[in-house]
């Protein structure tokens, strides 16, 4: 219908000053009964009729319950604001929710999910697409999904290219290089048997390797046993080429972490599963030392989505995404204070590390060394705790710390990533510099210093 023949005044919208589209939602309105949907908060939305008999009304949301940083990211990057998104009219969702959903649908992990799986993830994340988006982006940031990466294990290393090809080199006594033999190779060689499979994640442990494909499948090779030192179990079967882990075929896995006595995997929904080391409920469930069936990690994280896992020698750290912010949980052996709770007692179920709240630090990346751990905060601060041998905590001594402590020597550095080894720690700054401290044996810290000891 033409506006000039309807009796409705023409709207001179071209004189309206430009405003940031922080929260605009399109909704159909009946010609006979206009439904007015109120926004979050106490303010009433403004209405701008686009025609004499308008089929849509733009509702300006005055409050969106969205962090300014996240909102700016939505405005700057979401194509929802630049071109038709082809969404069906929706009375329930604000424009920021629709924009967040649009961005979620562009994430590689979210795309293959069914509507039921998406709604389940939304409920698990707190009932908001904005929270789902934050969960997905946090996982991509700390785990470098869909990007090239290098993983250094105890004796061998794995490199994954951005296209999904995998190269391995180093010790190969258990077939952990995946080349079909047990011969050492100190030059990177591509694992040919994986051609046609795009790998997005890798984990390297003592004589073991696990790879994660973009389809959520897990491939493992190397030793088939865990915890020889504690249980006296020695595996006799060596897998020298990548083989799919059949017990995980019904779980879409996005990350794996290998400890000395157990392996943990993370599903795309943020659930954690573990293999082995369930004896005496050391990881929240009772199983045999070499159980090959995945067991869900019980306790506090059953209904909280996890974005990253990190396995130490005998403990597990989980970076969780909650509506209130990011947090870290730990479970396993507490010797040396490496669980971060102010004591040295074991934890059978995941327990929240409360010290980060006292430090006013939002954890963004977590790393688990053999006996010590580290976290990078949103503001770039680095915290370490656990065994301090060789100065691997960076506090200028070799003392143990049973709660996370800020590394003051890095106070002028904004960190973006951290990695930990047996007694070494590496920090990457936002300008690309790398800092290292801890045991300098065999020049493992990369400094031109002679001898061993801390740096």
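The count begins at 1 with the first shown residue.
Keep in mind that glycine also has a Cβ here, set from the backbone N, Cα and C atoms.
Where the annotation comes from TrEMBL, it is an automatic prediction and has not been curated.
Among the features that TrEMBL reports, domain 'RCC1-like' is placed at 148-449.
Per TrEMBL, repeat 'RCC1' is recorded for 164-215 (among others). Confidence over the repeat 'RCC1' (164-215), given as mean pLDDT on the 0 to 100 scale, stands at 94.
As annotated by TrEMBL, repeat 'RCC1' applies to 216-269 (among others).
Residues or ranges marked as repeat 'RCC1' in TrEMBL: 270-322 (among others).
Summarising the annotation, TrEMBL assigns repeat 'RCC1' to 326-379 (among others).
Taken from TrEMBL, the feature repeat 'RCC1' covers 380-431 (among others). Residue counts for the repeat 'RCC1' (380-431) by DSSP state, with H, G and I taken as helix and E and B as strand, are 6 helix, 23 strand, 23 coil.
Look at the repeat 'RCC1' (270-322): DSSP puts its residues at 7 helix, 20 strand, 26 coil. Residues in the repeat 'RCC1' (164-215) partition by DSSP class (helix H, G, I; strand E, B; coil) as 3 helix, 24 strand, 25 coil. Helix, strand and coil counts under DSSP for the repeat 'RCC1' (326-379) come to 7 helix, 25 strand, 22 coil.
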